[in-house]
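These features come from Swiss-Prot:
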TRANSMEM  33-53  transmembrane segment
TRANSMEM  78-98  transmembrane segment
TRANSMEM  118-138  transmembrane segment
TRANSMEM  207-227  transmembrane segment
TRANSMEM  241-261  transmembrane segment
TRANSMEM  300-320  transmembrane segment
TRANSMEM  331-351  transmembrane segment
TRANSMEM  387-407  transmembrane segment
TRANSMEM  424-444  transmembrane segment
TRANSMEM  651-671  transmembrane segment
TRANSMEM  676-696  transmembrane segment
TRANSMEM  768-788  transmembrane segment
Amino acid sequence: MSLVYLLIAILVIMAMILLMSKRRALAKYAGYIALVAPVISSIYFLIQIPSVAKLQYLSTSIPWIKTLDINLDLRLDGLSLMFSLIISLIGIAVFFYATQYLSSRKDNLPRFYFYLTLFMFSMIGIVLSDNTILMYIFWELTSVSSFLLISYWYNNGDSQFGAMQSFMITVFGGLALLVGFIMLYIMTGTNNITEILGQADHIKNHGLFIPMIFMFLLGAFTKSAQFPFHIWLPRAMAAPTPVSAYLHSATMVKAGIFLLLRFTPLLGLSNMYVYIVTFVGLITMLFGSITALKQWDLKGILAYSTISQLGMIMAMVGIGGGYAQHQQDAIASIYVFVLFGALFHLMNHAIFKCALFMGVGILDHEAGSRDIRILSGMRQLFPKMNLVMTIAALSMAGVPFLNGFLSKEMFLDALTQTGQLSQFSLISMIAIVFVGVIASVFTFTYALYMVKEVFWTKYDSKVFTKKNIHEPWLFSLPSLILMVLVPVIFFVPNIFGKGIIVLALRAVSGGNHQIDQLAPHVSQWHGFNIPLLLTIIIILLGSVLAIKVDWKKVFTGKIRQISVSKSYEMVYRHFEKFATKRFKRVMQDRLNQYIIMTLGIFMIIIGYGYIRIGLPKVHQLHVSEFGALEIILAIVTVTIGISLIFIRQRLTMVILNGVIGFVVTLFFIAMKAPDLALTQLVVETITTILFIVSFSRLPNVPRSNANKKREIIKISVSLLMALIVVSLIFITQQTDGLSSISDFYLKADKLTGGKNIVNAILGDFRALDTLFEGLVLIITGLGIYTLLNYQDRRGQDERE
């Protein structure tokens with residue numbers, strides 16, 4: 001099956017979900033219909049593993065805009081296969097989990113699952129794209145679908161603000177990424193990613209190479225919540241928990257990492273890129289791990305832990321990026337080891353973090369709270385979630401016999417080996433190891449502290465008063481399956497390492513097939529060494545800090561803390577107030593004022609053009625022959641136009657305005673343009689009738705008395721506009737001996753199959769204009785339809 005067919009299948013499922021929204025009896029099954037999408041894609045990508053392992057990459061190319069080299073280029077290699085499997089398999093768990101989480105009585109299920117399937121479609125589109133512009137389109141589509149999912153409970157103020165904040169930051173990064181893609185096109189003349197990576201040596205010597213890297217980093221850091229662009233992720237926790245489990249732990253936040261991995265053969269050629277990504281990742285890891293301890297909301301803890309873990313992966317991507325410069329050197333194996341660790345932890349993080357979010361969702365759903373100050377001794381009420389969250393949290397902390405331990409060991413090993421790499425000095429290595437270890441200590445601390453406070457403290461019935469708690473098996477099933485994978489991967493890591501991660505490494509290395517020999521063999525025991533010693537230190541210090549320190553009291557002092565999020569919110573509110581004031585000053589609900597402003601700006605632009613280039617000399621002027629009929633029609637039009645200024649009755653004004661339109665129809669007839677005359681007649685008739693019918697249903701509010709100053713402004717604008725239009729007509733006739741474009745249209749209209757030049761222009765020569773005019777009418781119609789069918793919906797933020 002072609003990659004295009006897979007995307008079409010997902011779109012068909014989305015259409016089915018949308019249709020179900022019209023039938024309330026079927027709406028409750030929307031989740032199970034949507035579940036088909038990740039199941040189909042999972043089966044498809046699993047089947048492709050043997051082909052990709054044999055280097056039989058699947059690719060599809062459909063021409064789209066050839067002149068700009070924008071095509072529907074899709075390619076399935078090892079890297080896209082790994083990410084597609086994560087998106088699809090985690091998608092199955094999340095979609096099924098959502099069927100138990102959401103209520104068919106209180107939630108609009110078709111709308112939710114349409115948004116969720118749209119997001120999955122967008123993410124798969126990103127990882128399969130082999131064209132930069134196509135990747136950008138899918139990139140922004142993830143931002144749009146994420147906005148819709150975060151604001152799903154739209155009556156909730158936190159949901160609205162979180163959705164807007166995440167949208168603004170990620171779209172800003174997306175626009176920066178688009179600039180980077182355009183720079184790549186300027187440097188290479190192609191938008192095809194495979195071809196671009198093949199010209200890496202040429203690109204690195206171009207003057208736009210460094211600016212392009214900065215644009216890429218902005219796109220990646222905003223999408224993957226790296227400091228200081230991390231602030232949108234905690235706010236996004238206002239979304240339903242299935243959204244947090246899918247978008248904000250396993251998929252969307254990994255898009256920035258995917259981008260850097262995909263372009264590592266190019267970006268890694270710059271040492272600056274290696275430094276920036278490594279240090280931003282470590283700073284983000286440290287900041288996220290410390291800030292997680294300040295949170296009382298379980299989803300807040302997981303949000304900052306996600307930021308921290310993404311920083312850890314990003315740091316490894318940065319260190320390993322140097323492989324692009326040292327593919328043939330003896331130290332190449334170190335870079336490959338680091339990149340392998342990044343991909344391995346990316347997979348592990350998706351599993352244990354998704355399980356943690358699901359556990360928190362069940363606690364919130366059944367206990368009605370996520371506050372660790374209220375939840376205590378929950379192991380008695382939620383034994384299954386106690387098991388799930390404890391194992392997943394310990395895996396995140398890097399405890400032995402769990403998958404997170406293996407990738408955390410690889411991370412620590414990577415830090416200690418940076419001193420052997422040409423990009424880092426001994427001092428740099430010491431700083432990197434220090435920051436990485438401190439961040440890991442705090443990671444262990446918040447992971448252990450979270451499960452201790454929620455499950456292993458004494459149950460207090462005075463604080464937690466809710467009764468009749470239950471823990472449904474179907475609700476718990478997805479998180480239990482993910483929990484089982486955590487120790488399984490620890491005991492058989494090389495099934496995933498050799499079967500999936502090595503295939504991804506081939507793509508990250510730029511197609512170097514010798515990567516198979518350089519890829520590490522993951523072992524549970526690798527002897528007493530520095531990484532193991534660091535792990536023991538981390539576990540001991542983290543345990544002491546988690547057990548002995550009451551972090552609820554540590555961060556409740558009166559010390560004023562600097563918050564990036566609060567700074568953003570302050571700036572956002574300031575600009576919002578500023579914009580509101582200016583908006584009220586300009587938008588005063590007076591249509592004629594809007595028209596005057598619009599025409600005034602137009603006249604200023606034209607006037608500036610006249611000043612810059614000067615008025616052209618009139619050396620030829622073509623005036624059509626006119627007779628008595630044309631003179632009479634012109635006099636009638638001018639007379640009615642002037643009279644409209646002084647008439648105060650609305651109905652009379654509408655009728656006279658219609659008369660002007662009918663006079664224009666007679667002009668077209670006199671000039672032998674029957675098509676235009678018929679069109680003008682129909683439009684004018686319908687418009688006049690609609691105006692009359694509308695006014696007959698509106699209150700009879702007389703037009704205000706004429707204001708001399710206002711009328712003078714109107715007349716002045718009208719006369720100036722008329723003068724400009726006439727002058728533009730004169731200018732178009734001054735050809736200076738050059739051939740007119742009109743001659744081409746007059747001669748080529750027969751080639752289009754049109755009966756006359758007007759039809760040919762509308763249907764062929766300016767077909768895109770006509771198309772978009774039609775789209776404007778369709779959008780207007782949809783807007784009117786929405787207003788007519790609007791019902792005030794409340795209670796969308798309520799959950800069972």
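Each residue, glycine too, has its Cβ placed from N, Cα and C.
Computed from a predicted structure; not experimentally measured.
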Original post:
Is it the case that the transmembrane segment (118-138) and the transmembrane segment (676-696) have 3 or more CB pairs under 8 Å, with pairs at least 6 apart in sequence?
Top reply: no
Subject >> Cβ contacts the transmembrane segment (207-227)/the transmembrane segment (78-98), at least three under 8 Å, sequence gap 6 or more >> reply: no
Original post:
Can we call the transmembrane segment (78-98) and the transmembrane segment (300-320) in contact, meaning three or more C-beta pairs below 8 angstroms at a sequence separation of 6+?
Top reply: no
Original post:
Considering pairs 6 or more residues apart, do the transmembrane segment (331-351) and the transmembrane segment (241-261) have at least three CB pairs under 8 Å?
Top reply: yes
